[in-house]
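Below is one structure; the comments refer to it alone.
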Amino acid sequence: MIGKTFTTMLGGRELSIETGKLAKLVSGSVTVRYGDTLLLVTAQASDTQSKLDFLPLTVEFEERHYAVGKIPGSFQRREGRPGEKAILSARITDRQIRPLFPKGYRHETQVIITVLSADGQNAPDVLGPIGAAAALSISDIPWAGPTACVRVGQIDGQYVVNPTTEQLTRSRMDLVVAGTREAVMMVECGAQTVSEDDLVGAIEFAHAEMQGVIALIEQMRAEVGHEKFNFLAEEGPANDYVPELTEKAKAAGLRDALLTHGKKDRSARLKALRNGLIEGYVPDPTAEGSAELTQALKDAFGKVEKRELRRLILEENLRADGRDSKTVRPIWIEARPLPTAHGSAVFTRGETQVLGVTTLGTERDEILIDDLTAESGDKFLLHYNFPPYSTGEVKRMGGQSRREIGHGNLAKRAIRAVLPSFEEFPYVIRVVGDVLESNGSSSMGTVCAGTLSLMDAGVPLKAPVAGVAMGLVMEGDNYRVLTDILGLEDALGDMDFKVCGTAEGVTALQMDIKVGGITPQIMREALAQAKEGRLHILGKMAEVLAAPRAELSPTAPHILSLKINPELIGKVIGPGGKQVRELEAMGAQVTIEEDGTVRIFSASGESAEAVKARIEAVTKEAKVGEEFEGTVVKIAPFGAFVNLFPGQDGMLHISQLSEQRVENVEDVLTVGDKLKVKIANIDDRGKIDLIRPELEGKVPLREPRAPRGGDRGPRRDSDRGGDRGPRREFSDRGPRPEGARSERPEGQRTERPATAPATQESSQSSDAPAAPVFPRRED
């Protein structure tokens with residue numbers, strides 16, 4: 001038998017991991033199956049140690065469109081660069097496995113997750129981390145796993161592990177948790193304003209549920225795992241200089257340099273201090289071996305700097321900018337700095353500054369999605385930009401980095417929870433967060449700036465959202481949670497814990513751990529401290545914009561909505577789209593849905609209103625009893641045609657013109673006359689008979705026409721078959737009594753005179769004047 005399969009139950013469904021069947025030449029290879037979702041996950045490390053000073057780990061998440069029976073929509077009809085969802089899925093796996101590689105490990109390592117089958121209900125993004133943990137565990141790559149990953153939803157107050165796609169639509173949260181047997185490693189969450197207690201409960205629930213998966217991977221490692229290869233952790237000579245440099249740096253004023261206010265000034269003082277110490281060891285930079293020694297001393301000074309900063313935080317509750325552990329940096333906000341944008345705001349917190357800009361568009365502006373999900377488009381876009389000048393650096397600028405995509409997605413999830421529905425606010429919304437300065441928490445600055453720009457644009461948010469980044473410094477059992485961390489604290493600390501939400505609860509959360517994991521107690525403390533910081537920031541935001549503006553920006557587009565009878569959609573479109581083109585020529589775009597919802601988009605409010613009025617007129621449905629101020633548009637021998645509203649005429653019969661007998665319609669009405677009319681009857685074909693309201697009850701109404709088709713009852717002449725008797729003779733072709741026929745040879749039709757009126761009548765009153773032919777009602 002080829003391959004070996006290991007199974008366990010997870011969320012009431014079987015999870016199976018198979019190895020030894022596919023991709024057998026790689027160091028570690030498994031297939032993960034959950035329902036009908038199937039993934040191939042491989043792990044491979046290079047044989048040689050790289051010279052890089054960081055862990056060269058890459059995680060790729062490959063979506064194959066054949067997994068859902070689709071052909072890619074690209075020009076070449078093949079998969080191209082990974083989409084946003086694939087990148088976010090890869091980041092989930094990366095953040096779970098990265099902290100567990102041994103210190104000093106520098107072998108280039110690659111984990112590739114390929115989606116082979118997707119059933120549309122069991123999401124592959126949380127199965128990829130399980131496959132990565134299994135592949136690394138059974139491979140010869142040094143790694144301190146295993147880990148596991150699960151998704152948790154909350155439906156009707158109950159936690160649900162790995163909810164299906166359908167269940168997620170009813171869930172109050174979408175929480176992804178990864179961890180080891182002992183602790184939580186990674187958390188990512190989007191929620192509909194849930195409490196901190198609900199979040200902690202869900203995280204603990206997830207950690208308990210993943211234990212069966214961890215046990216399964218441990219069993220795999222015991223039965224089919226390979227021995228880990230030995231690697232040489234190149235410590236270098238830097239560690240030899242740390243003790244001596246520590247004493248010299250403290251004596252030279254390291255503490256004061258670390259506590260210097262301002263990122264640039266602090267960096268300059270620390271650099272000057274470092275260079276001064278190095279000169280004592282390397283008097284001649286051009287001498288042989290000086291470059292290697294200088295680099296070793298720089299590395300050693302970095303370790304000294306990190307240790308002293310952590311000591312100040314733990315022992316003295318002092319941070320690099322002089323704050324204590326719970327204080328938020330000073331905040332400055334400006335609303336509507338951009339005069340022509342639909343909504344804009346600048347949010348500055350310490351030395352982190354973000355320009356948030358909101359743009360409103362139509363359904364035609366929604367982004368199209370071509371991935372393995374059933375989603376076809378997204379009407380809310382949030383783009384996070386991190387240019388090199390924000391940190392005072394020079395770098396090559398290209399496409400969006402994975403970091404930018406991840407930070408933007410977090411801000412997007414935070415704000416999406418408070419957006420109105422598309423039915424309530426029928427705009428496609430794009431928010432851009434341009435980071436202008438960065439010294440920590442730029443993604444949280446984007447949440448605040450984006451929220452303010454939405455409020456400035458007049459988007460009716462359910463509540464304002466703010467975000468704050470929390471940090472952690474931990475030495476053994478001693479730890480301290482930090483509010484609103486600096487970039488330096490992010491780099492030298494042990495946790496980056498971002499929390500976003502309203503005054504009522506959390507809407508998004510992301511946690512990355514650099515140590516072996518944190519306990520629920522630390523997480524509770526971090527969430528409680530984050531709430532204090534979030535409420536403080538919301539208060540500062542309310543001082544500038546307490547609520548969304550009552551009106552849209554003058555530069556914002558105008559969108560009007562109305563509902564029409566779906567059967568009348570064709571009238572709005574017109575033959576060959578003629579009517580829609582005429583509407584768009586009035587300065588507006590029109591979209592029509594199958595349920596009859598019509599949306600009008602225009603840069604001008606007047607144009608939008610004019611198009612709406614035109615559509616309402618075209619689709620207006622007349623009702624019996626309604627009165628109108630109509631206009632005579634046509635005169636016929638039997639009556640007058642009166643326009644009630646655009647596209648709809650009615651017929652006012654000659655018998656309804658006056659209490660006295662009228663011989664000639666033109667004696668009473670002419671084309672262009674205005675008069676009040678009332679709808680007396682609408683037949684099965686939609687033809688309208690009118691009366692004059694002032695004559696109602698004074699003039700007998702016409703009898704309604706017999707419906708077309710079906711049984712029409714006996715004819716006036718009874719049956720047409722049999723002997724009808726002789727025809728009446730007429731001496732000329734002049735007028736004849738109603739119902740009379742002229743004599744003609746059998747089988748020969750009587751030709752209509754060239755002067756016969758073009759007007760057609762559907763029925764004829766007994767008191768109508770005689771006519772040379774029997775006219776039919778004109779449509």
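Cβ from N, Cα, C; glycine included.
For reference, Swiss-Prot has these:
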BINDING   D490, D496  Mg(2+) binding site
DOMAIN    557-618  domain 'KH'
DOMAIN    625-693  domain 'S1 motif'
REGION    699-779  region 'Disordered'
COMPBIAS  699-752  compositional bias 'Basic and acidic residues'
COMPBIAS  757-767  compositional bias 'Polar residues'
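D496 (Mg(2+) binding site): 22 other CB atoms within 10 A of its CB, across all protein chains. Across the domain 'S1 motif' (625-693), the prediction's mean pLDDT works out to 87. Residue counts for the domain 'S1 motif' (625-693) under DSSP (helix as H, G, I; strand as E, B; rest coil) come to 7 helix, 36 strand, 26 coil. Under the three-state DSSP scheme, D496 (Mg(2+) binding site) falls in the strand class. Secondary structure counts, DSSP: the domain 'KH' (557-618) has 33 helix, 16 strand, 13 coil.
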